[in-house]
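Novice: Here's a structure for you.
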Amino acid sequence: MCGILGVMATTPVNQLLYDGLMVLQHRGQDAAGITTADGGAFYMHKAPGLVRDVFRTRNMRALPGRMGIAHCRYPTAGSALDSAESQPFYVNSPFGLVLAHNGNLTNTQQLQKEMFLQDLRHINTNSDSEVLLNVLAHELQAAATGYQLDPETIFSAVAGVHRRCRGAYAVVVMIAGYGLLAFRDPFGIRPLVIGENDAPEGKEYLVASESVALDTLGFRVMRDVAPGEAIFIDMAHRLYTRQCADNPVLSPCIFEYVYLARPDSVIDGVSVYETRLHMGEHLAERVAAEIPVEEIDVVIPIPDSSRPSAMQLAQKLGLPYREGFVKNRYIGRTFIMPGQSVRKKSVRQKLNTVAQEFKNKRVLLVDDSIVRGTTSGEIVEMARLAGALKVYFASAAPPVRFPNVYGIDMPTRSELIATGRSREEICRTIGADALVYQDLEALKASVRELNPALINFDASCFNGEYVTGDVTPEYLDTLEQVRDEKLAEKGAGGRNGKTLLDINSGSVPE
Ligand SMILES: O=P(O)(O)OC[C@H]1O[C@H](OP(=O)(O)OP(=O)(O)O)[C@H](O)[C@@H]1O
Ligand SMILES: NC(=O)CC[C@H](N)C(=O)O
Ligand SMILES: [Mg+2]
């Protein structure tokens, strides 16, 4: 889960992209970057850090031009601290390309090997996004017949990317001197939406991970980019679209609705906020079936993401809804922070109790999800310290038992609190008096009720079914091994001269 933006405008885009990244900051807190194009040249600034820390006035001044792309990163491949893996990525041939990617490829190792042995391309980082860019570059080189590039050629290169790449990818690309390209993988796992604006000098287009960026930047939402579809906007601001996948099947990541996206976004035709209300309604039924409602005095959300669900749950059960935790607005999202010790410390720094809401009360705490159990464990303890008589816990999502390989950084089963534990054991581990989980079918219904056309979802972290069909137990084992090796190398720091290909050279399929 990262935030991406691409814009073709009639005035300079540096400030617009910066403002857009600020709105998408919740999708990635580890690195940020902007590339603009002016004439035939690209101008780039990227570095690890929050958007507001990465860009100084001098950096902004050095980003001229009316076309640009931007990225805020939540790493799933490589390392959080390696500045070379910040995005966008650049490759000079063919034409000059820069790319920003949200998602995660599942055949990176195979592609790395192909890049080296067949396509004679050098990959310099552990980032799957650099591999994706090089696949696109190779396909574009193969499809182009001369130095002139037309939309047909670009679309056939995207079709080549779909044939070779597996996994999740929502992508924005600039082609020097030609225009802005955006595409979504054939399952549409990660979101991508396009909007327009009628500026005095002509039409402008903005592509973004979430519609909230379009709203904030004054663009009208046109539609979601379809799974497998590519959109190309040339330098004359003409828009071309093409379905480039053979069998596109919309299967958006259901975790976007649970936690990742902002509630004020609309993804694949569905308001994220409304899905969270529906999750609360469904969860209320589960709670009522498990805990006598008269034994609950108050419903308390764990800010921020669970608020809409908790509010709706309380209303449905006829219980008071109270804000018992106050959030420090200067601490970011803990789940997407790199490293367990920093996440654990941040929960206490981020949330504090309003003692009156707990003292001598039987409280039902509601969160959107329990992943590693970092938040829930700390929160239950804090509720007891504040004087709660009973602490019940409800999760608006089902137990997260399986790794996510499509752009959420939870690649190992061992780090998930629900893997290999029964509900009673999880309840005991987080220290609650009762624990209620949403059913997966109810979660799917919470989204589907708002758009019946959404038949399939990627719900792999809940059910272990990976929509791309290529994720084998051996693949998951390899991922865990890479993660362990990285931790052993002292965590997040550097590539140590190794690439994924080196690490796994024995296990890469021929
Ligand atoms: O079980 P865990 O591993 O702790 O992960 C789950 C928690 O992490 C997220 O909160 P986060 O603080 O990231 O963001 P929020 O403020 O949007 O709720 C999520 O909303 C849960 O509270
Ligand atoms: N979460 C994401 O979308 C990550 C993008 C890319 N795989 C990276 O690690 O940088
Ligand atoms: Mg939370």
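These residue numbers are counts, starting from 1, taken along the chain as shown.
Each Cβ is built from the backbone N, Cα and C atoms, and glycine gets one as well.
Since we're looking at a predicted model, the values are computed, not measured.
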Novice: Can you pick which of Ser271, Ser305, Ser446, Ser460 TrEMBL lists for the same Mg(2+) site as Asp367, Asp368?
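Specialist: TrEMBL names Ser305 for this Mg(2+) site.
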Novice: Can you tell me the mean pLDDT for the domain 'Glutamine amidotransferase type-2' (2-236)?
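Specialist: Averaging the confidence scores along the domain 'Glutamine amidotransferase type-2' (2-236) gives 96.
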Novice: Helix, strand or coil for Asp367 (Mg(2+) binding site)? Use DSSP.
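Specialist: Going by the DSSP assignment, Asp367 (Mg(2+) binding site) falls within a strand, counted as strand.
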Novice: Considering only the recorded positions Cys2, Ser305, Asp367, Asp368, which possess a Cβ situated under 6 angstroms from at least one atom of ligand 2?
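Specialist: Cys2, in sequence order.
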Novice: Among the binding-site residues Asp367, Asp368, which residue has the largest number of other Cβ atoms within 10 Å of its own Cβ?
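Specialist: Most Cβ neighbours within 10 Å: Asp368.
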